[in-house]
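Colleague: The structure that follows is given in the form of structure tokens.
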Amino acid sequence: MSLRRCFSLRISFSLTAEIPSNYVLERYFTHRPSLWVGTITFFWGVLMTLHGVVHNFGSLLTLRLLMGAFEAGFFPAAVLIMNKWYLKFELSARVAIYYAGAAISGAFSGLLAYALAKMDGIAGVAGWRWIFIIEGIITAVFGLLVLVILIDTPERPNRWLTADERRYCELRLKVEQSAQTQNDNWGQQRFTWRALWDIFTDWQFYPMAFVFWSNTVTGYGLKFTMPQIIQNMGFSSSNAQLMTIPPYCCGAISAYVFGRLSDKFRRRSYFLLIPQTCLVIAFAILAPLAPKIKSHVGVCFFAVILACIGLYPIQPGSSSWIANNLAGRVRRAIGLAYAFSLTNVGSVGGSYIYIASEAPSYPTGFGCSLAFSVAGIIAVIVLDLNYSRLNRKRSRMSEEEIRRKYSDEQLASMGDKSPLFR
């Protein structure tokens, strides 16, 4: 079994862990999310460190599966925690800052791995083992720091904010919830199988899945193959690693810019369509030119940069969009986790589309990336049209008419299905 398949099994295992992880966070650590996030990050780092001392495939597979379980809850938890602090149209820029970190890490992870590999033979340990040991220790240390530095919720006293500042943060959220005639007590407040079924049968997750996959299928494939694509242009292996820095840095800037614009103009769809169009253009350039890439180095490298500019705004924008359309603490926690489970399905597929024997043309990789980019555009249009139609339908009745028809308890139990929800 290949190492790539081992990676796929880790991602597949994490699919089943994301919903339980986010539910545990919301159910038992809703006022102290730092404890849960710090704990899973610490054990994630410990398991990564143990990769450096593993000696057989069975142990490696066990470590990968366990790491997938602990890693699974991190990103859904991060978005859920930000949702407790920021207003509806402040969320995308904040998620974008977080996600830009992934782009920056992509820019320098190759160089870090290259430097750590130079430790080959120190203490009788192979260079590749040092990569896991050092990066795992760093991750575990950050997990411990999270326990100390992560501010939990506006209601909880902390060393970073004064009482007035915390009160201000809390009141901002309550004012917004009041304006929308909804709050976090709407919808399901305890986990039930019916609540889970309602998430699984909610139409909005399935067009949104194609939006996610326009990021993960294309992104994971490009991440694994970018150094080789650049090397095919004629650069040496070490220079190819250096040449990955500009695309990733452009991706980080793009994520933040589109996140800010999405919040400023209060439209998610527009600022997903533009990056996805960049993706389509990028892969439409790479697909025909890749077989003769050495003759079109400038154009192809521009296309790689354009692909990263298109990739990195998609996850923050789509995560914020789905979070904005889920009401109630438990429903939002389960829904975000399910959304990221669907996202990771694309990660598995993306790790296989660039086939080594097809280098340098990679027709399967570039073709699949182009197809999923187009599918993402179609999905955004479908979602935008349906959300607009639903809002128009709900606007046909005034708030007074709605309140005459339904009691407060009925409206609260409907959550985001309420005619008052926008």
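Cβ coordinates are placed from backbone N, Cα and C, and glycine is handled just like the others.
So TrEMBL lists the following for this protein:
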DOMAIN    1-394  domain 'Major facilitator superfamily (MFS) profile'
TRANSMEM  35-54  transmembrane segment
TRANSMEM  60-83  transmembrane segment
TRANSMEM  95-116  transmembrane segment
TRANSMEM  128-151  transmembrane segment
TRANSMEM  270-290  transmembrane segment
TRANSMEM  296-314  transmembrane segment
TRANSMEM  335-355  transmembrane segment
TRANSMEM  361-387  transmembrane segment
Colleague: Give the one range among 35-54, 60-83, 270-290, 335-355 whose Cβ atoms make the most pairs under 8 Å with those of the transmembrane segment (95-116).
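Modeller: Out of the listed stretches, 60-83 contacts the transmembrane segment (95-116) most.
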Colleague: Thinking of Cβ pairs under 8 Å, which stretch from 35-54, 60-83, 128-151, 270-290, 296-314 has the most of them with the transmembrane segment (335-355)?
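Modeller: Most contacts with the transmembrane segment (335-355): 60-83.
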Colleague: So, taking each listed stretch (35-54, 128-151, 296-314) in turn and counting its Cβ pairs to the transmembrane segment (270-290) that are under 8 angstroms, which one gives the highest count?
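Modeller: Stretch with the highest Cβ contact count: 296-314.
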Colleague: Are there residues at least six beyond either end of the transmembrane segment (296-314) with Cβ under 8 Å to its Cβ atoms? List them, or say none.
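Modeller: Contacts of the transmembrane segment (296-314) (Cβ under 8 Å, skipping residues fewer than 6 from its ends): 96, 99-100, 102-103, 211-212, 214-215, 218-219, 222, 226, 229-230, 233-234, 243, 246-248, 250-252, 254-255, 257-259, 271-272, 275-279, 281-283, 285-286, 289-290, 369, 373, 376.
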